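**Student:** This is the structure, below, for whatever I ask next.
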Amino acid sequence: MAESVHLNRRGVLFVLSSPSGAGKTTISRMMLEADKDIALSISATTRPPRPGEVDGVHYHFVDTETFKKMAADGEFLEWAHVFGHRYGTPRARVDELLEAGKDVLFDIDWQGAQQLYQEAGPDVVRVFVLPPTMEELERRLRSRNTDSDEVIAARMERAANEISHWDGYDYVLINDHVEGCFDEVRAILRAERLKRRRQIGLIGFARDLIRAVPDADKKL
Ligand SMILES: Nc1nc2c(ncn2[C@@H]2O[C@H](COP(=O)(O)OP(=O)(O)O)[C@@H](O)[C@H]2O)c(=O)[nH]1
Ligand SMILES: Nc1ncnc2c1ncn2[C@@H]1O[C@H](COP(=O)(O)OP(=O)(O)O)[C@@H](O)[C@H]1O
């Protein structure tokens, strides 16, 4: 039997953004569960943890001074102000994951998506998740039971702004039924992994196939 062929490939930097409550955390968790070749970039944030959130798993929860120092020391690939708090992507983990041959999943806002794209252009895939309606978005924010009325009102206000950046993304999905949306996200990742430019050694591989046919290259 012929040996199976394996080409290495460049890692995908897979960004999921959405207005708060549209479902990106839910989809991210499903994705990480289903696919061992992608791992989460764990952001640092100055916002306090929600019930059930674990330091170092969902976020690195840091105080403002620590965050500022990390930013000044160049530890972030990107960072931004969101809802009155600072959020940033530590560079070291992303480098480590890529080095280990993993794809990296980013749950970051449009500002982060933009900065990451400026840093790593062709390696970045940007997916934006929309809610089916604004009423449903508010219902989901309430059903999460984690935020006060005031915080929910602020998130709804910001949602309109976040949505206005939809056209800065490569793919835009509507999270009506979560399973359907999750399938679409997986299909995007699967196809992006197969992109020609990510396959390392493809040029040599194709050349060797052609050369294996005597005199074939003379006729091309
Ligand atoms: N730019 C940037 N945005 C982030 C980062 N981490 C989280 N965010 C975004 O900050 C926003 C608020 O996140 P969070 O407080 O967890 O609430 P959520 O909207 O319910 O997920 C979301 O839009 C996240 O995608 C980061 O490292 N950089
Ligand atoms: N397609 C969906 N239908 C109904 N509820 C959903 C759907 N997707 C997510 N949810 C629920 O909506 C709430 C907000 O989702 P979450 O993933 O935390 O959003 P985000 O990370 O975008 O703020 C959660 O309670 C989640 O279980």
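For all residues, glycine too, the Cβ spot is worked out from N, Cα and C.
The ATP binding site annotation in TrEMBL covers SER18, PRO19, SER20, GLY21, ALA22, GLY23, LYS24, THR25. TrEMBL lists 11-190 with the feature domain 'Guanylate kinase-like'.
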**Student:** I need the least crowded one of these binding-site residues (SER18, SER20, THR25), counting other C-beta atoms within 10 angstroms of each C-beta.
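**Tutor:** Counting other Cβ atoms within 10 Å of each of the binding-site residues SER18, SER20, THR25 gives the minimum at THR25.
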**Student:** Quick check: with SER18, PRO19, SER20, GLY21, ALA22, GLY23, LYS24, THR25 left out, which same-chain residues have Cβ atoms within 8 Å of the centroid of the ATP site Cβ atoms?
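**Tutor:** My list of surrounding residues reads VAL129, PRO131, LEU137, ARG140, ASN175.
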**Student:** Out of PRO19, GLY21, GLY23, give me whichever of these binding-site residues has the highest number of other Cβ atoms within 10 Å.
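**Tutor:** Buried the deepest by this measure is PRO19.
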**Student:** Could you say which of the binding-site residues ALA22, LYS24 has its Cβ with the most other Cβ atoms inside 10 Å?
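**Tutor:** Compared across ALA22, LYS24, the most Cβ atoms within 10 Å surround ALA22.
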**Student:** Using CB under 6 Å from any atom of ligand 1, narrow the binding-site residues SER18, PRO19, SER20, ALA22, GLY23, THR25 to the ones that qualify.
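**Tutor:** Close enough to ligand 1 are SER20, THR25.
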**Student:** Please classify the secondary structure at THR25 (ATP binding site) using three-state DSSP.
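**Tutor:** DSSP assigns THR25 (ATP binding site) to helix.
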